[in-house]
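**Student:** Just dropping this structure here.
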Amino acid sequence: MKKSEELQQKIRELEQQAEEARKEELSEAIAQIRQIMTENGITMADLDGRRSGRKSRGSGTGSKRPPKFRDPVTGNTWAGVGRAPKWIVEAEAAGKSREDFRI
């Protein structure tokens with residue numbers, strides 16, 4: 001067997017040993033976490049941030065802003081907030097003003 005093949009074999013063996021050691025460490029850490037959780041009465045739901053008796057707040061839909069700009073070709077509108085739509089970017093690139101589309 002060539003020296004490089006022997007070294008490659010040793011590398012594979014060491015990688016396997018490292019993986020086995022990592023799994024063992026992980027298993028021990030999980031066991032410690034479970035023990036601490038049991039001792040303190042902590043559940044998985046507590047870890048998720050969900051507490052019994054409390055309702056979570058929804059993100060809500062928010063209020064819709066009235067449109068400020070309208071594309072005369074398609075009738076699409078834009079409230080002027082956030083990223084500009086393609087039709088207004090293209091129109092500005094063609095030399096038109098954003099004010100030309102104001103409602």
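Note that Cβ sites are derived from N, Cα and C of the backbone, with glycine treated the same way.
TrEMBL annotations: computationally assigned, not manually curated.
Straight from TrEMBL, here's the annotation block:
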- 1-36: coiled coil (COILED)
- 59-103: domain 'DNA-binding protein H-NS-like C-terminal' (DOMAIN)
- 41-77: region 'Disordered' (REGION)
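Describe the structural surroundings of these features, if you would.
**Tutor:** Per-residue confidence over the coiled coil (1-36) averages 94 (mean pLDDT, predicted model).
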**Student:** Given a Cβ distance threshold of under 8 angstroms, which distant residues of the chain, six or more beyond its ends, lie next to the coiled coil (1-36)?
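**Tutor:** For the coiled coil (1-36), the sequence-distant neighbours (Cβ-Cβ under 8 Å, at least 6 residues beyond its ends) are 42.
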